[in-house]
Structures are given as C-alpha cells and as structure tokens.
Amino acid sequence: MAAAMGEIEDKLAELRQTFRSGITKSGAWRKNQLRALIELLQDNEDKIFKALHQDLGKHPVETYRDEIGLIKKSAKYALSCLDKWMAPKKRRLPLLFFPASGEVVSEPFGVVLICSAWNFPINLALEPLIGAIAAGNTVMLKPSELAVECASFLAETIPLYLDCKAIKVTNGGVDVCEQLLQQKWNKIFFTGSPRVGSIVMSAAAKHLTPVTLELGGKCPAILDTLSSPLDIKVTVKRIIGGKFASCNGQVCVGVDYILVEKKFAATLIESLKTTIKKFYGENPKDSKSISRIINEYHFERLRKLLKDPLVADAIVHGGLLDKENLFIEPTILLDPPLDAEIMTEEIFGPILPIITLNNIQESIEFINSRPKPLAIYAFTKDETFKKQIVSGTSSGSLIFNDTLVQQLCDVLPFGGVGQSGIGRYHGHYSFETFSHEKAIMQRSFFLELEPRYPPWNDFKMKFLRLAYDFDYFNLLLLLLGLKR
Amino acid sequence: MGSEEETKKKNEVFDAEAASLFVKELRGTFASGKTKSYGWRVSQLKSLMKMLNEREPDIVDALRQDLDKPELESSIYEVALLKTSIKSALKELKHWMTPEKAKTSITTFPSSAEIVPEPFGVVLIISPWNYPFLLSLDPVVGAIAAGNALVLKPSEVAPASSSLLAKLVGEYMDLSSIRVVEGAVAETSALLDQKWDKICYTGNSRVARIVMAAAAKHLTPVLLELGGKSPVVFDSGINLKVACRRMIMGKWGCNNGQACISPDHIITTKDYAPKLLESLKNELENFYGKNPLESKDLSRIVNSNHFARLSKLLDDDKVSGKIVHGGERDKNKLRIAPTLLLDVPRDSLIMSEEIFGPLLPILTVDKIEDSFDIINSGTKPLAAYLFTNNKKLKQQFVETVSAGGLVINDTAVHLAVHSLPFGGVQESGMGAYHGKFSFDVFSHKKAVLSRGFIGDVPVRYPPYTKGKLRLLKVLISGSLLGIIRALLGWSKA
C-alpha cells in the first residue's frame, strides 16, 4: 500500500509530537515496547515463517536462525542492559576545575527513519528498531518493498503490539523512499547497497542528519591449506553455511568468493561438492532447505553474470537455472577472469568463485587492491598469518575459522568501513548509534581562580600556562610567591 | 625548501588534478604501513610539540596579524591547549592502540573476540579562521594518533596563520604523510571532489552541508564541528559577580565572541534582568576599562565582511533601540565594543542567526523555566549554559535541553576537559572529539572473532528439520540448561 506525501508528513508530524511529549524518554516505556516486540515474535512465529517462505522460499529453520531467534535474543539483551545503557556515565575532571563534576548522558536523537533490506526483511527491520526504541526515539520504519509479504506483515502487525503513535510503518517503492528522504529526520539508518547508501547520505546532508549505513561488498574467504581432513570438513561446512545456507547467498556478509592456493583447489572443490550433496541432496532444486532468488530482476542479474563465456567455462559444479521457480542451484566457479562482472560486483547469490593463488600470502594484497568489504573470513591455523591478516587488511569485521557467527555476538560492533558502510550496531552499539552523547559539566561558585580574568599581565600568563599544563606543584609555588 | 621553490609552489594552481595527485601520493604512503607504526605516530606528535615549544612567538604574531588576538589568548587557548592534547595523546597512545577484548557468549563457544582500532587511511581536515591553530592541529593530533595520513586545509580568512601553518608543517612534520593545502573556495572544492577515508570539517552549517554532500558521493564518514546560538540562562539566587565574570570570559574572552561555544545570548527573568545588567556592566569595565575599543585584551573583528555583518545586526530597526551598553564601532580598526541589548524581538536578525561577535542580547521571560522552551524551539546549539543554585532547575535543564554539551555555572571551560566528548547534534554537528574521542573518531574499530575448528553444531546446517528447529531455539537463547536438556533429548535429525 503506497503512501502519498501528505500521509507521510502527517505521520512524521505525529512522531515529532510524540517525541516532544517526552513519553519515549522513560525507561518504562522503552521496556514495554521491547517486551511487546518479543510478544509480537512469539505470537506470530507461524505467520513469519509463512511470509519468509512466500517471499524467499526460506525454510523455517533459516527463518528462526537468521531472523526470529536473533531478534528475540537482541530484544532480551537490550531489556537486560537498558538500565545500564541509560545511566549517565561519570567522568573524571582535572583538579584544576575543582570543585566540578562531569558526566555524559545518552539522549535520543528524536525521530528516526529506518530503511531495511529484502534479504532478511524481519531481522534488518527489527534489529535497528530495537536500538532506536532502547535509545528513546520515535521511529518511521520503511521495509523493503521487494519482500512483499514481510512488508505487509510488518505494516499490519506492528501497530497491534507497539505504540502506534511512536512507531510507524510506511510501505511503498522508490517514490515513497524519495518522499521520505526529503523530510528532515534526526537520524537515518539504512541497510542496502552502496549505490543507494550514497543517495541516502546525500539526502541526509541537506538537513545535517547523521546516518548509519550498513552496506555490502565482496566478502572474501581466505582458505589456508589445511591438512586435517576433519578441519577441511568443518571449514567446508562453514563456508557453505556462510553462502548457500543463508538466503542462498543473498546476504551482505555472506562469503562472496574464496581465495585458495592452487594446490588445494581440487581438494576443496571435491569437498564442497560432497557437502552440497549432503545438505541439499542430488537435486538441490527439490530441497526445501534452500531459499529462492527474491525476484526476476535479481534472477536475470545473476543469470547475466554466468552468461559471460569465460565465466561459463569456469563452472565446475552446478549452473542450473530455473526461472519459473526463481531457483539457481549452488554453483562453483574455478578461476573466472578477474575483470568479469562476477569478480567486480557483489554477487549476492548462489555463485561461488574460487580464485587460486600461488601462495596464500598473496590473498592480503588481493583483498587490499579492492574496496574494503563488510567482512573477511580466514580459515587458518597459522598464528603468524592470522596476525598479518589482522594488521594487513581492513574490513568491517574479521572472522577466523567460521562464517556469519559475528551476528550472534551482542558485544561486537557490526558495521562496515569505506564502501561497506558507515557506523555500526548490535548490542549496546545499537543503543549508541541512535543516541547523542551529551557532555555535562557542573561547577560551583566558590574557589574562584582570579588569574582567569583580564586585564592580562605576566603573572596571569604564568599562572594559566602552569594551569593548563596541570602542573599543580609549580602552580602552588607561584601562588605562594615562591616561583619567579 | 628554498624561497624559489616556495614561490613556485604558491603560483601553481591547485585544481582537481593536483588534488588527485596529492591524494594518490598520500595513499601510497599509507599503503606502505608507515603511519600505522607506533613509532611514527609518536615521532610526529613529538615533532608537533617541538614546533609549539619553539615557534610560539611566531604563532602569537600570526594571530595578532589575523585577529589582533591578545597574547594570552593565543598562548593559552591555542598553544597551551594543544600541548595538553599532545601530551595526553603521547601518554595514552599505547593504551588506545591496544585491542579491546570482548566477552563472547556460550552461543559461539569456543571463541575469543576483540575490537581492533585501525586508521581509516587518508583524511581531510578543514579548519576555520577563529582558532586557526587549535582547530587545525587538535584534529591533526587525533588523526596522527589514529595512524592516518592527512591533508590540512586551513582557512584563508586567517591568511597569516594559514601561511605559517603551511610553513611549520613543512619544517617539522613528515611531508610524505602530512600536507597542508592553502587556498579558498576553488582549492577546497578541488579537495572535496577527491575520495577521502574521513573528513573533519569545523565551521558553519551552510558549508557543512556542502562537505557532507561531497562526502556522500564516496561514502566518506564525516566529523562536523559546527556552531549555533549557544544560550546562557541566568537564574536568580546565584553569586552574580562570579557568574558574570565567567560569562564574560566565555564571550568576549574567547576571541571577542567569535567562537563556536561562545555564549550567544542570555535568557533571564524580567525581575532579575536589571541586576544582571548592572553586574555585567561593572565587570566589563573591570576587565576592559572605560574604552573597550582601545583594550588590548580583546580580539578585533576578523575582517570587513564580518564587521559589516555585525554592523547590520546592530543597525536593524527592530534592535538599534535596544542597545543598553556599548555599541561603539571603529570601522578602520575593525573593532566593536562589548555590546549589550535588552529584549530584542525574537524575530529580529540578531536572534535568527549565530552572532559570532561581541554583541550580547538579553531576553527576558516571566518564569525561568520558560527559557528552556525558548531554547528548544530553536535549532540545537553546540553548547548551552545555566547559572543556578537550584537543584531542580539543574535537573530540568539536563533533561530537557538538547545541545552538544551543557555547562552549569560556567561557560566554555568544557573545551579543556578531555574526558568529555566535544561535538554537536543535528545543526551544531555530528561526531565528537578531544582526548580519546579524537583517537576514536579517526579510527575504524574492527571486530575480530576467532573460533577453532571444534564446537560445531549440526543444527546450523541443512537439511533442516523440526528437531533442528527445537535445538536452534535454545542455542540462540543462550540458555545453558536449555541446551543441555535439548542435547540430551535430541535424537537423529
């Protein structure tokens, strides 16, 4: 249901009024909303399973693992920490200002806009929402129109559980997005592509609105040569888990491509094939455990990536495309050309290029010559190599010996750098990203420092120099007349 | 660098191509890893310190040329504050650079996690004319401490300072990683066209929008330190003399009101205003004498543009009759005396833009609490000040007034407190710096999670089943008991 400009302005006016009323500032209100969100998820699990299945062919296990379960966990975590997060943080002040006190108080920005993506349509809408509510803001949520059933679900269900004067949902396409971006927000949180992220930030610049942009990129997996068959088995399972087993590769932190030494490639491919078969059977098309491509546009985009003859030649497994069912089977490529679109654009689908190198150390240079990714995955037991990757590459996050699990960590900031994003969230970072940290300094009237005031003279100059050096000893000497 | 080369460099046009080459060079240096080393960062900070120790007279002189800034203000608010910043960075740098361990939960057991700070890369710092040394080099301290390469673009409105900065950086700093570009709009535009890894801009909100829009093209994060109309609320029942003195220091004692955190205007009750006015007049005379236009302890107005701007504010019909103290001007010397105005209309020009000068309107209200409504009806300022002994009023102030920072019973001093983040909100800016916040704002905090090859739960992987769903639920919830129970009761998927 697309919204007209007038409707958007009315909704925004109400959100502003609600914020001004001060109701969202209370800890009790915020906790109630978080509890209501948990209730929403508990009561509507089946509906959510159904919506995700309709939009993306997601299996309930994936939906629970990547959407419902994560949000419940985040909401519970926020509930348990909220008092701590909301408490002012005392800060020590230099003796010079005695008597004085300092603290930092987190206050909500005001009215925030959250634009979420279609691949994890519940997670990417509600996870930022938790942060915005916890921080005391009022919210306009704009789900992605590409995940149609989920967008409807959110628009219908959120008003039934959450305070509809403070949290609103607006659905619609590009035109609605444009109208929303014309408004003045106190914060914008956007999840999506770098191209649109740039448009969002440009719009935000007109009002000096701070932004958090969760974007994407080509997340590489570095595979050091492993000797233990058990380690190889676990590695391959985790790689598949980070690719085909998560929305069939349509995930911003998914493994985009693999870097491996030439001598290890064959073993890797064999192992991948075996595990794919184990997970999805002989005919992955018939498996209920693998998601569909979101729509025709993306299906065609992916098909086009494989059309390049040099790329098609590089297929070593898979390659089946079924347009009617919007299904592409797990496909592995070996050494496609590095200048082909499949190696220059984020794939966001079930195609996994394997790039071979002479020496795995070259992976660092390979990654650094490309835009900074949202995540780098590295499978290795070599501690020296690990250190080189940590200090030699830059990415939103870096995971050793696994994929995707950083989502589960409430204590780690989740966000990009460079092309992969600005800002971060999850856990208390969500609270922070929606808060203005206001510094407060309090002084009292007694204990005046006369040398603070003009007219200026040499003594006052000396005094202030020592004061700003916090050289209390010499300051005392000066005051006692013992210092020249 | 010889004077011939210097002249040559000055005559070269700095256009987009030149800017692009600059950035390329700096990227090369950054890629070499040079700026990441602790040794490099310390050496550069120490060089900055040496520069300040050795060249303070030159700095004081440049500031006198550009702003007629009193020597004490230059020495203390530009040089001394900077030295404090450098000292603190040198002392804490190792600690700041150390990754922060993060506690992981049972859900990812076994695992270890830390947050590793890393430099963004090549940063652009654009600074203003009012505190040309402090506001250029304080961000530079942060950028260096965080391990970045950088370009500094000082303001052309303070030309002696800009020129001196370029010269000093050339003499003391590592030119392969730190450069100064002088110039005006054309040069700034050429710089803004480039792709930077971070941009720090201190100045006004109009230009800030241009900076952020340029940054948006390359998805460059920004730190914007802007301004606003920082109000001072005066309650009754205070030590009026001390309060007035502190207020005067924050206003005329800070570059003659030309500072982003200067008190812009006062709000007080109708009853208290006469007393307040008397005290202000007294203290102003104590500080600056009977002829403040002649006082050496006040900066001048920076240039004729701003002089004209401020004159226009005073000549406004709605306001010219409201002057209750001061108002004297000397166009040739670019001086305006400390001027107080009483009860100017809220829709006058002087109340609709940041004054940034030695004019101080006093607004009066019936009840002191009404002042908070007035403040909140405007755009969020960089700072807000309150003088009171009333605990309840203090609490209300903290709870209802949104600004970058608040100070109770003083003005401007929070600038010198490095344990407090210094920055604005919405119209007054985004991001914060000073102390460790400077290091943080120029760093990307990378999450690093390490797992072993054991500790894999089949429930993660397809083929998916109802049994896996049950186990997954308890696993994600992190309930240890739930996990054990589920594992014991769980049969083949």
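Glycine is treated like the rest: Cβ placed from N, Cα and C.
Curation plays no part in TrEMBL annotations; they are all automatic predictions.
Within its own chain, B:Glu225 (active site) has B:Leu135, B:Cys200, B:Tyr201, B:Thr202, B:Gly203, B:Cys260, B:Leu382, B:Phe422, B:Gly423, B:Gly424, B:Gly429, B:Gly431, B:Tyr433 as residues 6 or more apart in sequence whose C-beta sits under 8 angstroms from its own. Under the three-state DSSP scheme, B:Glu225 (active site) falls in the strand class. Per TrEMBL, the feature active site maps to B:Glu225 (among others).
In the shown protein chains, 30 other C-beta atoms lie within 10 A of the C-beta of B:Cys260 (active site). Taken from TrEMBL, the feature active site applies to B:Cys260 (among others).
Under the heading domain 'Aldehyde dehydrogenase', TrEMBL lists B:23-448.
Taken together, the residues in the domain 'Aldehyde dehydrogenase' (B:23-448) have a mean pLDDT of 96 on the 0 to 100 scale.
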